[in-house]
Protein chains: 2
Amino acid sequence: MGKIKSVKFKLNVFEYEKPFHITNSISTKTSNIEVRIELENGILGFGEASPSFRVNGEKVEALLALEPVINEMIKGYDTKNYRQIFDITDKLFAFPSIKAAVQYAVLDALSEEIDLPVYKILGGAKGKIETDKTVSIGTLEERVNDATKIFEEGFRIIKIKVGENLREDIETIERIYEKTSGAKYIVDANMGYTPKEAITFVNELYKKGIDINVFEQPVKMHDIEGLKFVRFHSPFPVGADESAKTKYDVMRLIKEEAVDYVNIKLMKSGISDALAIVEIVKAANLHLMIGCMGESSLGINQSVHFALGTGAFDFHDLDSALIIKEENFRGKYKTEIPYHIAI
Amino acid sequence: MGKIKSVKFKLNVFEYEKPFHITNSISTKTSNIEVRIELENGILGFGEASPSFRVNGEKVEALLALEPVINEMIKGYDTKNYRQIFDITDKLFAFPSIKAAVQYAVLDALSEEIDLPVYKILGGAKGKIETDKTVSIGTLEERVNDATKIFEEGFRIIKIKVGENLREDIETIERIYEKTSGAKYIVDANMGYTPKEAITFVNELYKKGIDINVFEQPVKMHDIEGLKFVRFHSPFPVGADESAKTKYDVMRLIKEEAVDYVNIKLMKSGISDALAIVEIVKAANLHLMIGCMGESSLGINQSVHFALGTGAFDFHDLDSALIIKEENFRGKYKTEIPYHIAI
């Protein structure tokens, strides 16, 4: 029987290789929660929560206190009835990273039980994906050097963080563009611009002949009108990240015609809402990318299986495990060459 | 290996126990196609298409000619990569009932291979559902007698076909309501009313104190403005059936605010679009019911597993196998008491 016997939490703190600087936030470490589900038959399933106060309002101290609550909620449920467990854990909307980790751990345990990898349970749409790597905010020289190094490592999709200094951001993109010919660019302002600054930003780049594949979250989380304004005035596709957490957020963004792209992160949505968002965005003829918070290989594993299983994403920004210090690799996937992830 | 070796079609014609009369259509038989998928390892998976010319524009003669085409399309694909097969068969949008049967047969074969029922592959949300039974159009006395008999058989959800005669429809509902106290009613006009007739219909019933749980497809398939007009003037929830075939149809209905309910039929959408519609409608905070065309137990089996797996439906109109003559029961489900279906 695949019934859940117990759920255990474990705090794992990982240091970044160097401080990770985005608009209004510098991180030196990430405090993640490993979720271990044990079934009555002894089978184990694992997940990882990488909480974000900035995006989700989550605090790791509060999440750790949920261990007995989660046990109470899902003990005795059969992993084969995983939608029942999804429905129950959907009530954890104030703790989406824990919801994600628990929901994934359920699928991981089911996967062990029926001897079918999670990405096949989800449909096995793809066998391989290509991830980007991210250039965080720094001095102009640091950013250009970082981008050049990433390009030399073999990455062909480069994510560039902007949003704190419009003029320097434009110059940075221009200099990076010169050094990394042939790359694709995801530019992420993390809510740093006003709508009009965002439009200046993309129009200046466009005039210089630079192509941006996705311009992520130019404006504040709740400024849906501003996001729509940017979308309608940008020559490049505009994406929502912080504005798109639940499936309800995404339905509203679509009704408001506010986005071209949605960046799904399991840490914002869990598996249940992420599956819904995939279907909603595709039915609206829009596009999807998948991103991450500060997951280690255990957490990135979740997004790898989700991305391969659904096959729904044009871009994969799954690089957090590449930029933190981690002793033991915990993923059920492999990194074939610097920028490809496969089962 | 779960690779597809061959796909075989077989025509099965079933007679209705008595002519089935709805707006502008009387059926005495249904011509269905049994789809048998054989894997290289010898495992078999079954599905059934029950085509509808009225709703889908399908002709069974044309569908039967697709057997070699489908073989060409999906031979060699692994059922464990079922989303790949869904993506390929999504191109069969002109033949949605065949798309449904093929997609389900793939899941059925996968189910046999990994020894997990289809409804568990889909999430195992429920173990039991309650179906309605349908009163087709006839004389006033016939309709009241049919409804009374259905109620006496134990059904507590009664579907009533209307749409050919507004005044007689109102009187029919009134008379049925007197004879079946405690039942719930789904009233289906199958596109038979004008928007203003539809509003007269519901308002007259409302004034008489009669409650309708779902008022299905009052107006023509493409009259989305009319549907919205009815929705905004009806005291009862208004549903789309003929207007809601693909996930794109449903996204438009939601953007237009045209419906309270969507009636999913696998024969209109296949498994792939039906899964999308479930997520879209729930994210829009609207409601779902599931219906059928003229499926035998083999085809109803598909909808039973879909409904149990997703657990998404407030109402189940899965009665076609109850009103056709069928020698051998082919469902992987059981009918526990007249109106309950369980695994």
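Cβ coordinates come from backbone N, Cα and C, glycine included.
Unlike curated records, TrEMBL annotations are generated automatically.
Small disclaimer: the values here were computed from a predicted structure and weren't measured.
The domain 'Mandelate racemase/muconate lactonizing enzyme C-terminal' annotation in TrEMBL covers B:140-237. With helix defined as DSSP H, G or I and strand as E or B, the domain 'Mandelate racemase/muconate lactonizing enzyme C-terminal' (B:140-237) counts 51 helix, 13 strand, 34 coil.
As annotated by TrEMBL, active site, proton acceptor applies to B:Lys161 (among others). Taking a C-beta cut-off of under 8 Å and a sequence gap of six or more, B:Lys161 (active site, proton acceptor) has these contacts in its own chain: B:His21, B:Ile22, B:Thr23, B:Thr134, B:Val135, B:Ser136, B:Ile137, B:Asp188, B:Asn190.
For B:Asp188, B:Glu216, B:Asp241, the entry in TrEMBL reads Mg(2+) binding site. Counting every protein chain shown, the number of other Cβ atoms lying within 10 Å of the Cβ of B:Asp188 (Mg(2+) binding site) is 25.
For B:Lys265 (active site, proton acceptor), the same-chain residues that are 6 or more apart in sequence and have a Cβ closer than 8 Å to its Cβ are B:Asp241, B:Ile290, B:Gly291, B:Cys292, B:Met293, B:Ser303. Residues annotated as active site, proton acceptor in TrEMBL: B:Lys265 (among others).
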Here are some binding-site residues: B:Glu216, B:Asp241. Which one has the most Cβ atoms within 10 Å of its Cβ?
B:Glu216
Averaged over the whole of the domain 'Mandelate racemase/muconate lactonizing enzyme C-terminal' (B:140-237), what is the pLDDT?
98
Using the Cβ center of B:Asp188, B:Glu216, B:Asp241 as the Mg(2+) site position, which other residues in that chain lie within 8 Å, going by their Cβ?
B:Ile186, B:Val187, B:Ala189, B:Asn190, B:Val214, B:Phe215, B:Gln217, B:Gly239, B:Ala240, B:Glu242, B:Asn263, B:Gly291
